[in-house]
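Take a look at the structure below.
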Amino acid sequence: MSILPFFILIPLAGYLLSLLLPAKRETLISGLSFGVVGTHLAGALAFLGYWLLNGCPVLNEKDFVVFTAPGYEFFIDLYFDKITAMYLFVGAFLTFLVTMYSRFYMHRESGYKRFFNTILFFYLGYNITIFSGNIETLFVGWEILGISSFLLIAFYRDRYLPVKNAVKVFSIYRIGDVGLILAMWMSHHLWHENITFLKLSNFDLVHEHLQSHSVIGAFISLMILVSASAKSAQLPFSSWLPRAMEGPTPSSAIFYGSLSVHLGVFLMLRTYLFWEHQFSIRILIGLSGLLSTFVATGIARVQSSVKSQIAYASIAQIGLIFVEMALGFENLAIFHFAGNAFLRTYQLLVSPSVVSYLIREQFYNVSFRGRTIEALYPAKLRNTLYMLSLKEWNLDSLMYRYLWNPLKWAGNRLNFLTLNRVLLFFIPAYIAGLICLANDRLIPEPVHRVLAGVFSLLGLLMVLKSFTERRKARMSWTLVVMNHFWIALSISFNEHFTYSHVALYLSGIIVAGIVGYQCLSRLKRLEGNINLDQFHGHSYRHPRIALVFLLACLGVSGFPLTPSFVGEDLIFTHIHEDQVMLAFFTALSLIIDGLAIMRIYARVFLGPHAKSVYDMAYRSS
Amino acid sequence: MTTRPAPFDEDEVLHELKHYLPAQAPLKDFIHHNTLHAFQHLPFYKAIQRASALFGYKVSLSLSEYRAAYAAGQIKETILEQKIRERKGEKALADWKDRLLHAPPDATTLPRIGQLRANWKRQYRIDLDSLVHPVLFRVLCSYLDQGISIWSFPVADQRFLSALREMEKNSFSSFFRTRRVRDLFIQGPCTITELLTQLVGDETWFAQYLYDQQFAHQGWSGMVSAIEDQPQTLLDQRQISVHDLIVFELLLEMDALDSQFGAGAWEPLARRLQDAPPALFADVNASGLDDMLTIWQEAYEWSYYEDVLTGLVANYGPKPAPAEKSFQALFCIDDRECSFRRYVEQFDPECETFGTPGFFNVEFFYKPQDGQYLTKLCPAPVTPKHLVKEADAKSARERDIHFTKHAHSFHSGWLISQTLGFWSAFRLFANIFRPTMTPATASSFKHMDKHARLTVEHGATDGFEDGLQIGFTVPEMVARVEGLLKSIGLVREFAPLIYVVGHGSSSVNNPHYAAYDCGACSGRAGSVNARVICSMANHPEVRAQLRERGIAIPDTTDFVGALHDTTRDEIMFYDEHKLSPVNQQRHSANEITFAKALDYNAKERSRRFASIDTRLSAKRIHELIKIRSVSLFEPRPELNHATNALCIVGKRDLTKGLFLDRRSFMNSYDYQIDPDGNYLFSILKAAAPVCGGINLEYFFSRVDNQKLGAGSKLPHNVMGLFGVANGIDGDLRPGLPVQMIEVHDPVRLLMIVQHKPEVVLKTIQRAPETYEWFNHEWVRLVVFHPETEALYLFKDGAFTPYTPAQGQLRTIQDITPLVETHQENLPVYALH
């Protein structure tokens, strides 16, 4: 038995225990968190010492197989090398300090327990990610990080802006997730197995495969880059990072100042051996990093709020880390990550002091409004750059304009669909599909492929409708659940495989779908209106229903370690590498699916409580 | 007051609007004031009900909170019944009591504000706020920024609109999305009326539309309004006005509409108005719920007042006076000095203490050595004509490299993050496990160098600076010293040492640091004032002239300035080396008394702090309190004025030996030397707005922490060094954060004056602005007749005799056991 799993089991056990504690017992809650994180840090330091003394070997172990099928194996694999070592050290050290910090800082805050739950949950995801030995394991951690980020940004769930921004950040994360899903899909086809990172370090193997499949290789690298850029707030995704600073300061410091935001870097480092020999990709990574650095520096220079300034300054440094990686300075990048993480955490934690400190500085130095380099520019150029930087180069609205608005536009075309019409059309259509499937031997092979495409498109339409539904929460929910059935149907046409795969995939969905529907029905009985046109904030009066519904959401969205998660991954292996459209439709419907689910949760349960106007903050605050 | 039928008068509407906006100045000049100052011309309950109906504020505790207080015995049954009888009559008693205790709250109606403008969303399905606010806040914050940004606003020396116009004219980019509105702006002049005609259409709705618009972000509007009225509050000054803000915002709204529907392809709002929203300023009728809340609030307040008044009357009587006084000490009236004074008196029964506003009757601007600006050290409404300068300071300012802006640019950031970054890890570790004072700490002792010289006296050669006279002339000094001593009744029996103790506070990671300092010194520490008045009172020429005026201070008496840090419970004395040798000896003895009193004061304070075990020894607790004050992770360095509820103007005899739980402002005053109430007039003129303002800001921040307070400070983000907001796109949050007010009980200030009612009545009527506080019951006033020992309550313009219900004053020998075991507010006790 090796020691690596303990680094995941400790936070897992801590997280589960922390859920059981009563919310009023602050000392107990923080004491447990402190104990868990402290033990973890002590273990990490001891292990790191031992590992250093033994000459820093690379460790890999296949821990347990979650699921096998012919030609497919889903297993959890753990890996440890210098990259993990540095991420472990920085992560354990900072989480330990921030837990200590928050023990007192969070005193009397109404979400005290929720805060520590989420921190431990985050820490679990972080450790799974950094110890992961294959992309599948990494993806498990990645998803946990996404959800815990969402929960921490929306920590003040009775206010409008945190919830709005949480949904916004989640949607960007979702793009990153899809990048990873697609990378996983392609790499199944490239390696014909769930490749471990260890094997990636086998130069001959990688070289041989890439030589014959250079396009596939480029595609995988590109998807990894997209994913990493989204997570590390590089262009064009940068604008989410400052908007994530809605939670209590220590959580912003640890998540968005240091650990979470550097995981994109981690992904790039982890797959370094894979893209190292793809010259064009390296140029792309370098350029992307360089551009992010320049743009983010400009934006940081004009920020007049302290947290957004730190956020953009950090993005600029991460851009440089990307450049360092592209240039092949792997060790420098690892070192740079640690320095940047420590620095930004500390800067964020002391950021409230900036008022008394800078005011005093100013009071004694008249020269505080010194001339900056920009004063030398011609006025028109200067004004233009200033205004662009102030508007963050429209990054925030670009995401809307080119990503979400077209989706909304498409969804709005489907406004003619009412619940009845949906049922009237889609149920017969689905039954027809099933009949075809039962008699699929009668259908010629090329038609199979077309049908697969058609059904996945229908699924996509379902989620689009769900995503833009303004009125009925339950209808939106039903559509989301049904989407998975369409995907299953579509893939069944694509390739003959056992029904157990489909059953595995759908079993989780069905249970979660029913539970979620029940929650919404109950809430509707209790409260009446639960349309999706506004935030209702029902968690204010019904925290329990909110919690159960959140779990159902996780189930339906294929959250790691639910059966549907494995199923999702499995389903993708049945899409052939030349079926780009099918993969695209399926991936797109999974992104929107996740978004639509979080949208329902946010609209119904989060935000200012619609019925307690006098107890709520202003929308703009 | 209805604005609807009147034609739209831009100036008048803007003037009125500014009156309703939050009046909080930038953080560095944080001064407490009545949050609902705009309603102060109305009687209290009427005013708060109106404020609530108009703006949606919560203005009292909720029914369930009152009921919980009743169940806990904090609201007494007899008093609740008495209040029902007073308001509803004997017959309705049972019915109303049942209703108060059990009736479910009525369904609340929507506040009027925002209802007109909500029609954009209702009729046009457009969310203007989310399209306009981010750009608007960003531009405002960048323009006003005091030094966070590295690259500051390119055209900051012009008025807001001109600066924007200048930039729009000369740029390839724009703050607007559409051409039409941009051109409209560049061509100017864009009057508000003109823009409203396009946007709203119907003139009857113009004013209400502006209220809706500005109250959608009252934090920013209030800040702009405050800076417009007092531009000097920013070190780096800006010319901005609510007018400019409105013009820009109206343009942004049109721009958003244009980009959504096409240039000009939308109708003005009024055209599509289906049901007219309620007029904002129409009359407000009290609802049944309002009635209930009023009775509850009355019962809540009087349950406490009764306790205090019973205690005062029972405690009154001649106190054994020491034959010889060891020392006298003047403190600020601040409620935080209440317990400190009690302990000083306890550990040295021969001393005597006084309370007076902490600027000690000397008003001036202060310029520290190397300072580039002036700091006002007196109550906010006063504009001093004198300047006091610091010279020969020895200590150097420390810097913290973590605040360097170089860390934010990529090239130096590259170096810094790889070097300093690791140092940060160490610093963070150290700061969490062994918190110490760092340059980031705002410390009251940094306000003035202990060993520096102050230019107190105006010499012949000193002249003027910045239009101010440097120092004071001797007659000016005499006037101030005499005023101070007479107002507190210290005109004879001088002790050999007279301490004048200002106060300040220390904290770290606290953008609201200025709110913790002395309010009478405009949110600064009181050390300079204490030193200045002592220097005046020690001046031989001043002494001589005072003697001529009947105040004979013996030559053996020395005045000593000092500063009490209310967070750390430390004290620093100034100029002790100037004392006579014999006084130096006495001073050394007194220092021990002060040190002991501070230890116990810290212990008493610690009962409210969850992180400290109050049963530890006073010395140990004091150590812990000091560590707490420099801990980055401690959002409550001290509790400031929380729980304040009383202001007692009278001799110390009235309150000596009474445990008031740090809830009282105390202003010493001797009615015998002021038969006509002249000194009383100045005391009340300052105390009503200062103490009343503090009290009401705590009151409203407590009852509606979301809208009238600043919410939790944990997610706060510092904006431009002048305000805080949540996140990066939020509105500014004026008012007090929840960490400052959570232990506060929202009761109005009860002011108790020791004098004859007829004199007090004449005195308060002298200035209408003072009278308003009492007449409209924003502050409750009770007079304690020094001769008959009877109480009189001020109500409806007259004093009527008031007898507290029969109650016994609780007696306790030592307060320590209670302090060690209780966290909540304690009742009044006599200490025997």
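Each residue, glycine too, has its Cβ placed from N, Cα and C.
Whatever TrEMBL says is automated annotation, not expert-curated.
Feature annotation from TrEMBL assigns domain 'NADH-Ubiquinone oxidoreductase (complex I) chain 5 N-terminal' to A:72-116. Helix, strand and coil counts from DSSP across the domain 'NADH-Ubiquinone oxidoreductase (complex I) chain 5 N-terminal' (A:72-116) read 29 helix, 9 strand, 7 coil.
For A:133-354, the entry in TrEMBL reads domain 'NADH:quinone oxidoreductase/Mrp antiporter transmembrane'.
Residues or ranges marked as transmembrane segment by TrEMBL: A:6-23 (among others).
Long-range Cβ contacts of the transmembrane segment (A:32-53) within its own chain (Cβ-Cβ under 8 Å, at least 6 residues beyond either end) map to 3, 6-7, 10-11, 13-14, 17-18, 21, 80, 85, 88-89, 92-93, 95-96, 99-100, 103, 116, 119-120, 123, 127. Positions annotated as transmembrane segment by TrEMBL: A:32-53 (among others).
Per TrEMBL, transmembrane segment is recorded for A:83-102 (among others).
The transmembrane segment annotation in TrEMBL covers A:114-133 (among others).
Sequence annotations record features per position, and here TrEMBL assigns transmembrane segment to A:169-191 (among others). Same-chain neighbours of the transmembrane segment (A:169-191): 135-136, 138-139, 142-143, 146, 149-150, 153, 199, 209, 213, 216-217, 219-220, 223-231, 237, 240, 243-244, 264, 399, 403-404, 568-569, 572-573, 575-577, 583, 587-588, 590-591, 594-595, 598, counting only residues six or more beyond its ends whose CB sits under 8 Å from a CB of the stretch.
A Cβ distance under 8 Å defines the sequence-distant neighbours of the transmembrane segment (A:253-273), meaning residues of its chain 6+ beyond its ends; these are 83, 87, 90-91, 94-95, 98, 119, 122, 126, 129-130, 132, 138, 142, 145, 149, 152, 176, 197, 200-201, 203, 206, 221, 224-225, 227-234, 241, 244-245, 247, 285, 310-311, 314-315, 318, 321-322, 325, 330, 333-334, 337, 340-342, 344-349. Positions annotated as transmembrane segment by TrEMBL: A:253-273 (among others).
Annotation source TrEMBL lists transmembrane segment at A:310-329 (among others).
According to TrEMBL, the transmembrane segment annotation covers A:422-440 (among others). Cβ atoms under 8 Å from those of the transmembrane segment (A:422-440) belong to residues 448, 451, 455, 458, 462, 465, 475, 478-479, 482, 485-486, 489, 492-493, 496 of the same chain, restricted to positions at least 6 beyond its ends.
The transmembrane segment annotation in TrEMBL covers A:446-464 (among others).
Under the heading transmembrane segment, TrEMBL lists A:476-493 (among others).
Annotation source TrEMBL lists transmembrane segment at A:545-562 (among others).
Long-range Cβ contacts of the transmembrane segment (A:582-602) within its own chain (Cβ-Cβ under 8 Å, at least 6 residues beyond either end) map to 150, 154, 163, 166-167, 170-171, 174-175, 177-178, 181-182, 185, 407, 452-453, 456-457, 459-460, 462-464, 466-467, 473, 476-477, 479-480, 483-484, 486-487, 490-491, 494, 532, 535, 549-550, 553, 556-558, 568, 571-572, 575. Here TrEMBL flags A:582-602 (among others) as transmembrane segment.
Within the model, the domain 'NADH-Ubiquinone oxidoreductase (complex I) chain 5 N-terminal' (A:72-116) carries an average pLDDT of 90. Away from its own ends, the transmembrane segment (A:476-493) comes close to residues 419, 422, 426, 430, 433-434, 436-437, 440, 448-449, 451-456, 458-460, 462-463, 465-467, 469, 502, 505-506, 509-510, 513, 516-517, 520, 532, 556, 564, 571, 574-575, 582, 586, 589-590, 593, 596-597, 599-600 of its chain (Cβ-Cβ under 8 Å, at least six residues beyond either end). If one looks beyond the transmembrane segment (A:545-562) by at least 6 residues along the same chain, the residues whose Cβ comes under 8 Å of a Cβ in the stretch are 66, 139-141, 143-144, 147, 480-481, 484, 508-509, 511-513, 515-516, 519-520, 522-523, 538-539, 568, 590, 593-594, 597-598, 600-601, 604-605.
Long-range Cβ contacts of the transmembrane segment (A:114-133) within its own chain (Cβ-Cβ under 8 Å, at least 6 residues beyond either end) map to 4, 7-8, 11-12, 14-15, 18-19, 29-30, 32-33, 36-37, 40, 60-62, 77-80, 83-84, 87-88, 91, 95, 98-99, 102, 106, 140-145, 147-149, 151-152, 155, 196-198, 248, 251, 254-255, 259-260, 263, 266, 270.
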